[in-house]
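J.: Features from TrEMBL:
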{"type": "DOMAIN", "residues": "11-436", "note": "domain 'THIF-type NAD/FAD binding fold'"}
{"type": "BINDING", "residues": "22-27, Asp46, 54-57, Lys70, 115-120", "note": "ATP binding site"}
{"type": "BINDING", "residues": "Cys156, Cys159, Cys435, Cys438", "note": "Zn(2+) binding site"}
{"type": "ACT_SITE", "residues": "Cys171", "note": "active site, glycyl thioester intermediate"}
{"type": "DOMAIN", "residues": "319-372", "note": "domain 'Ubiquitin-activating enzyme SCCH'"}
{"type": "DOMAIN", "residues": "445-537", "note": "domain 'Ubiquitin/SUMO-activating enzyme ubiquitin-like'"}
{"type": "REGION", "residues": "552-580", "note": "region 'Disordered'"}
{"type": "COMPBIAS", "residues": "564-574", "note": "compositional bias 'Polar residues'"}
{"type": "REGION", "residues": "596-631", "note": "region 'Disordered'"}
Amino acid sequence: MAPKQLSSAKELIRRAKVLMVGAGGIGCELLKTLALSGFEDIHIIDMDTIEVSNLNRQFLFRQSHVGQSKAKVARDAVLRFRPNINITPHHDNVKDPHFNVDFFKQFSVVLNGLDNLDARRHVNRLCLAAEVPLVESGTTGFLGQVTVHVKGKTECYECQPKPAPKKYPVCTITSTPSKFIHCIVWAKELLFAKLFGDKTQDNDLNVHSSDTSSSSENLEDVFERKKDEDIEDYGRRIFDHVFGYNIEMALSNEDTWKNRDRPRPIYSKDTLPGKSIKHNGNISKNGSTDDTPSLSAMTSLGMRSPQDVWSLMENSKVFIEALKLFFTRREKDIGSLTFDKDDQLAVEFVTAAANIRASSFGIPLHSLFEAKGMAGNIVHAVATTNAVIAGLIVIEAIKVLQNETENYRMTYCLEYPNRNMLLMPVEPYEPNKSCYVCSKTPLSLEINTHRSKLRDFVEKIVKAKLGMHSPIIMHGSALLYEVGDDLEEDMVVNYAANLEKVLYELPSQVSGGTTLTVEDMQQELVCSVNIKHRDEFDEEKEPDGMVLEGWSQPPPEEKKEANHTVSNAGTSISGGPVSKSSEVVEIITVEEELEAAPPKKRKLTTIIDQGAASPGGYSSIPNDTDNRGKVQVVDDDDEEDMVMLDGAPGVFDGDSDTSKKRKLV
């Protein structure tokens, strides 16, 4: 780059106003890189506080910062070595109303380092409405990606579908588990919650005999600890109920087991030795204090390695010991606890409970380390991946500032190198004409209009699927639902009543052929939903009782394709928590910096000059061919067509005569 061009690029960087959303694994690396690259006006939005588990990869934070705002601490850390730049932290949720379209319009570019699909979609829509370029990113382990989204020039973040998190009907979790993850969810969402969480919640674990001689009015809650009941006796009683009696009751339904392996009931007398010495609330054996993180059933029992797979007896011992520690050392927390992956005792209890249940159903047992990863939705982070992705974000941001549309790249970081090549750049794609977000294409919804309530539509479709937070729902000119602080009391009552009505019985009747208009004022997004009445749904495959179709894949000749090899999920990307409803339990098994869905695979066709790529260009990997001029494409899900990014074209390209660009078309 000529001195004059370089000077112009530096001035663009200096004058740019950048919004950075997320100050976690990617965010820390990104803020540092922005500051070192010459950016002088940066805003950060992050609602999280620093946890101990962040410190192994979020290097702007220290032990003394635990519990403080990520955005504010990150700002202070960077200002120590770049004191003359302006960094504005916002310890808030990016979905808060004051971060509206007008707020976004003040920025030159928005850079995402988020950890969940919902926030990503929200930022995407605000950027579209404000017409501000967005650079998206995500990492999980060794995998990562950076994508560029500019309104009207490239596809938006939602142009390609994001597969929904895996869902399992509650009946699978409670009655017929076949995978260890089913046992983890049962132990975490049902058993742990019942014993240590909100006592008033509905629960499927308190099974009673169907003996008609038993009066339902006299049935007691077996999870309620009796007055003066010995803690170990209580623990064994719970053990026998959930792993023994409940299984026997399930076995009494012969039809369930006609085509399945029958589970075996497990009782404490079969797996545990005689009663241990009473602790009397003074457990000094493990040297623990009342400090919650230091409490450990493993330590108390003399067990060391979290990598070991415990035997059934060992799991039974950990189960009882963990329960005893909760009731003797953390009794004040019982009734308000929720599972936390950083709570050692909670992880031990859930691991032991899941393993005992797995043993009953003939499912292989797992170590504490493996179980913690599943229960906490953890894909272990790699700090260097975050650093690589942060660098690529800044490179793309600089191209955006220079309006170098032809040089934008979506870059994917691969886990395994092939001939020392790890990065795959692909040209951004044009907006998807079937995208309901940026192309305003109508959606279609199959639903039983005589059975489903407006509340089902709002919760399962408008909020969960469409990602709207403040929706307005209209049928023609009739307003069916609205939220807002400025609503009059009679309107609030009216909309609340509408929520409980089935669609067909609403004041403005919704049936097959109806078109609903759904709008979110904050996101400035409007979409149409065409209703199709359907009587029946498959409970296993369609647990929501409705099917939303929002995009159709364009014909091949209208779309350039390439293999996207990064698996993203949302989920959460600390991937979202496991959630459950009366119908399904939703499983999200991904860690924090990850997108909530993998890009759809696209065929990659590369045409290059013969010979090695020069600096600033792209080098291809021949796939079993001697033709150096073209890459043979293997259309197979097990094969990867990879390209290495030797140097990003754009700001710091070499001389144009020696740095030929090679396009992926």
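One is the number of the first residue shown, and numbering goes on along the chain from there.
A Cβ is built for glycine as well, from the same backbone N, Cα and C atoms used for every other residue.
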J.: Quick check: which same-chain residues outside Cys156, Cys159, Cys435, Cys438 lie with their CB within 8 A of the centre of the Zn(2+) site CB atoms?
T.: Leu128, Glu155, Tyr157, Glu158, Pro431, Asn432, Val437, Ser439
J.: Please report the distance from the Cα of Asp118 (ATP binding site) to the Cα of Cys438 (Zn(2+) binding site), rounded to the nearest angstrom.
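T.: Checking the Cα atoms of Asp118 (ATP binding site) and Cys438 (Zn(2+) binding site) gives a distance of 17 Å.
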J.: Inside 10 Å of the Cβ of Gly25 (ATP binding site), count up the other Cβ atoms and send me the figure.
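T.: Total other Cβ atoms inside 10 Å, all chains included: 27.
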J.: How does the domain 'Ubiquitin-activating enzyme SCCH' (319-372) divide up by DSSP, counting helix, then strand, then coil residues?
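T.: DSSP composition of the domain 'Ubiquitin-activating enzyme SCCH' (319-372): 36 helix, 0 strand, 18 coil.
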J.: Quick one: of Cys159, Cys171, Cys435, which of the recorded positions has the smallest count of other CB atoms within 10 A?
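T.: Output over recorded positions Cys159, Cys171, Cys435: least Cβ neighbours within 10 Å is Cys171.
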J.: When neighbour density is defined as the number of other C-beta atoms within 10 angstroms of a residue's C-beta, which of the binding-site residues Asn56, Asp118, Cys438 has the lowest density?
T.: Asn56
J.: Would you identify which of the binding-site residues Asp46, Asp115 has the most other C-beta atoms lying within 10 angstroms of its C-beta?
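T.: The most densely surrounded of these binding-site residues is Asp115.
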J.: Could you measure between Cys438 (Zn(2+) binding site) and Asp115 (ATP binding site) for me? Cα positions, answer in whole angstrom.
T.: 22
J.: Within its own chain, what residues at least 6 apart in sequence put their Cβ under 8 Å from the Cβ of Cys156 (Zn(2+) binding site), listed in sequence order?
T.: Asn124, Leu128, His149, Pro431, Cys435, Val437, Cys438
J.: Hey, what's the Cβ neighbour count for Gly22 (ATP binding site) at 10 Å?
T.: 30
J.: Pop the Cα-Cα gap between the residue listed as 'active site, glycyl thioester intermediate' and Gly25 (ATP binding site) into the table, whole Å please.
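T.: Here the two Cα atoms lie 37 Å apart.
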J.: As a test of reading the model: what is the averaged pLDDT for the domain 'THIF-type NAD/FAD binding fold' (11-436)?
T.: 88
J.: Do you know the DSSP helix, strand and coil residue counts for the domain 'Ubiquitin/SUMO-activating enzyme ubiquitin-like' (445-537)?
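T.: Its residues fall into 24 helix, 30 strand, 39 coil.
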J.: Please report the Cα separation of Asp115 (ATP binding site) and Cys159 (Zn(2+) binding site) in Å, rounded to an integer.
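T.: Cα-Cα, rounded: 19 Å.
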J.: Report, in whole Å, the straight Cα-to-Cα distance of Cys159 (Zn(2+) binding site) from the residue listed as 'active site, glycyl thioester intermediate'.
T.: 34
